[in-house]
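Here is the structure we will look at.
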């Protein structure tokens with residue numbers, strides 16, 4: 001009997017040690033080591049979004065582009081590499097906001113809060129700052145020492161993606177179809193460059209509202225103006241809401257990859273549900289954001305806590 005108890009205790013100790021080594025994400029991760037971490041990130045994001053509402057969408061997109069490549073490890077923040085990949089070059093924004101928050105955190109808690117966690121929390125705070133739902137963010141991610149432009153090119157779905165291509169890209173990250181449709185709703189606060197929707201408005205797609213297409217042509221000519229911006233949600237571009245889905249119902253999705261979600265296909269009912277039920281969208285979106293934030297994090301003794309988000313510690 002004594003042997004059994006001893007074995008039991010050993011097992012408990014081993015499990016505890018294994019947990020410490022691999023690490024576990026926890027919403028209270030910084031409660032003792034850096035109690036002001038979350039408040040510092042929140043105020044930094046609030047100030048940035050207040051002076052430039054588009055920054056909320058930029059920070060949210062930065063987190064998405066981080067998590068889909070090597071997991072949520074701040075690899076996207078390393079200078080060069082992933083930043084030069086096709087889906088990222090010339091369009092990713094928000095690096096300065098993250099750097100500024102990191103500088104503040106380093107001054108109060110030296111080498112404690114990871115860039116990966118700053119980015120994950122900043123994405124949540126951006127949604128909240130623009131009127132969207134809040135959720136509890138599990139913490140304890142560590143920062144990568146590598147980045148991959150090749151993976152960014154292969155794993156990030158593009159604006160010309162079909163529904164099945166979107167489903168496959170998200171499923172590869174253990175995100176299901178409902179997660180995919182819900183996360184696409186982040187486009188409610190985004191803008192897109194003319195080069196990403198030109199083909200759609202000049203006859204490339206038939207599933208587009210004619211008046212809507214015409215209205216976009218003035219700022220997106222058939223040649224030139226590649227970087228000219230248009231709102232993905234023309235109703236409430238600076239408010240995080242479910243209007244994105246309402247737009248899809250009337251064929252006013254800006255990108256091909258938006259409208260494929262409502263195109264006499266398997267995702268139509270989910271779009272209808274989110275369009276008519278804001279609470280259903282908020283619930284699905286927050287669930288999907290936590291799942292996305294949990295993609296392959298580095299924890300425990302893996303990776304490092306970068307001193308500067310744009311470069312690996314020397």
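Placement of Cβ uses the backbone N, Cα and C atoms for every residue, glycine included.
Copied over from TrEMBL:
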ACT_SITE  65  active site, proton acceptor
BINDING   66, 69, 71, 73, 75, 82  Ca(2+) 1 binding site
BINDING   187  heme b binding site
BINDING   188, 233, 236, 241  Ca(2+) 2 binding site
DISULFID  34-109  disulfide bond
DISULFID  67-72  disulfide bond
DISULFID  115-309  disulfide bond
DISULFID  194-220  disulfide bond
SITE      61  site 'Transition state stabilizer'
Task: Taking the recorded Ca(2+) 2 site as 188, 233, 236, 241, identify the other residues of that chain whose CB atom sits within 8 Å of the mean position of the site's CB atoms, giving them in sequence order.
output: 189, 235, 237, 239, 240, 242, 243, 244
- prompt: Over all shown protein chains, what is the count of other CB atoms within 10 A of the CB belonging to the residue listed as 'active site, proton acceptor'?
  reply: 22
Task: Filter the binding-site residues 71, 73, 75, 82, 187, 233 down to those whose C-alpha lies within 10 angstroms of the C-alpha of residue 61 (site 'Transition state stabilizer'); answer none if the list is empty.
output: 187
Query: Quick one: which residues besides 66, 69, 71, 73, 75, 82 have a Cβ within 8 Å of the Ca(2+) 1 site's Cβ centroid, in sequence order?
result: 65, 67, 68, 70, 72, 74, 76, 144, 147, 148, 151
Task: Consider the recorded positions 188, 194, 233 and say which one has the Cα lying nearest the Cα of residue 69 (Ca(2+) 1 binding site).
output: 188
Query: Given the recorded positions 73, 75, 82, 109, 115, 233, which lie close to residue 67 (disulfide bond), meaning Cα to Cα within 10 A?
result: 73, 75
- line: Fewest neighbouring Cβ atoms within 10 Å among the disulfide-bonded residues 67, 220 goes to 220
- prompt: Out of the recorded positions listed (34, 115, 220, 233, 309), which are within 10 Å of residue 75 (Ca(2+) 1 binding site), Cα to Cα?
  reply: 115, 309
- prompt: What is the Cβ neighbour count of residue 75 (Ca(2+) 1 binding site) at a 10 Å cut-off, with all protein chains included?
  reply: 27
Statement: Nearest to residue 236 (Ca(2+) 2 binding site) by C-alpha distance, among the recorded positions 34, 115, 187, 220, is 187
- prompt: Which number gives the other C-beta atoms within 10 angstroms of the C-beta of residue 61 (site 'Transition state stabilizer'), all protein chains shown included?
  reply: 23
Nearest-integer angstrom distance between the alpha carbons (Cα) of residue 220 (disulfide bond) and residue 72 (disulfide bond): 34
- line: For residue 115 (disulfide bond) and residue 66 (Ca(2+) 1 binding site), the CA-to-CA distance in whole Å is 11
